[in-house]
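Trainee: Next up is a structure, given as structure tokens.
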């Protein structure tokens, strides 16, 4: 039984009941929105602004695995410039703020303060500029994804590109690929094994890229109509999953397992109104048991899987573990020196500060943990804002999933895929640096934008409650 007081407090913490519409009406900043509305009404091009924005977002997805990071930055900059045009000429009242937007802006403000107070201001503001590109890309994507057709279009483009990426990864597994770096402990029995990396040049980076591809292709099985598209979605899901496993990325394996558990819980919740009593009670337990059984069989009979899993628990005897442990020790010392607002955002700051703390003299590109990285960059204040943001993302995901389920709206499968993706990428990013690479970072913020795009204020949600379509049909 729900506690009304606790529920009320939780909604206030996650900004679920914040009257955003009232804020818009009195905000001087928000008056800029729509200031060029008359110009947009007279422009044929801008009347199709959201569709053009969807094409720009799709172009980012289409090119990011294959081009240099500088070009990704150029594409993101183009997206931002077009977002500014859309905003000042806005005629769509739906394209407004959500609780997730507010906390993204809070996180951005804290990062700006950390950059201003950084001992390496030039490097910090360079990093802050890169962060700003991702955050503004999120704002544009959240706006575009509010239109179901544009949302499905962008996801479809991404899934087809991801199929090419994962297909080439499977090709590397079959025909071999040169190791571009030492990705496996030289003393491990798997030292001569192939870790696929496809077009991204790094197995861990490829694994991070494939996490959203796996869960959005899984969602596409239910979203795409007709037999051939559904078969294609099943093929995508199988190839993406197989390719991620072939990266031998331990962090992504754990992320995939945790996100699979989350997806099972979400599916059980989604189908609970129509499930027979037996499956309501035992379905989740049987699914968890089946997943656990598959993991046990994999550990017993698949040698690479067994060695990679076992290497997680040998501590510094594994070279990858030893490297991360040394980096984390140095990072903790860095945090102790500047715990409030950190050293400032960006990898350039980290690369200059880290050698002063590294005892083993390893060259570290980052903190190899998103939580430690944020704390180093923007201190405990930034970490608190990020955790608040994550809490609000999952809270809003639940509220909006409940809403679309009650409406019988199949778009909820995209929402479930996005929630599972954020969970899997966060778990992987907790022990790796992938969330700070442009190819993966745009997908991280895309997934958050998907969740934000479903936002409807709770007052409107309560008014829209009705008998679900599937219950009426039943």
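Even glycines carry a Cβ here, placed using N, Cα and C.
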Trainee: Can you say which of 18-51, 52-85 is given as transmembrane segment in TrEMBL?
Mentor: 52-85
Trainee: State the residue range annotated as transmembrane segment by TrEMBL; the candidates are 177-195, 253-271.
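Mentor: When 177-195, 253-271 are checked in TrEMBL, transmembrane segment belongs to 253-271.
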Trainee: Which residues of the chain, 6 or more past the ends of the transmembrane segment (123-145), have a CB below 8 A from one of its CBs?
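Mentor: For the transmembrane segment (123-145), the far contacts come to 50, 53-54, 56-57, 60, 73, 76-77, 79-80, 82-83, 86, 92, 95, 98, 100-101, 104, 107-108, 111-112, 114-115, 151, 154, 343-349, 352, 377, 441-442, 444-446, 448-450, 452-453.
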Trainee: Any chance the transmembrane segment (52-85) and the transmembrane segment (152-170) have 3 or more Cβ pairs under 8 A, given the pairs are 6 or more apart in sequence?
Mentor: yes
Trainee: Please report, as numbers and ranges, the same-chain residues at least 6 past the borders of the transmembrane segment (97-117) whose CB is under 8 Å from any CB of it.
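Mentor: Answer is 14-16, 18, 20, 23-24, 124-125, 127-128, 131-132, 135, 138-139, 142, 341-345, 377-379, 381-382, 385-386, 388-389, 392-393, 396, 448, 451-452, 455.
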Trainee: Is the transmembrane segment (152-170) packed against any residues at least 6 beyond its ends, judged by a Cβ distance under 8 Å, and which are they?
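Mentor: For the transmembrane segment (152-170), the sequence-distant neighbours (Cβ-Cβ under 8 Å, at least 6 residues beyond its ends) are 54, 57-58, 61-62, 65, 141, 144-145, 196-200, 206, 209-210, 212-213, 216-217, 220, 223, 233, 235-236, 239-240, 242-244, 246-247, 414, 443, 446.
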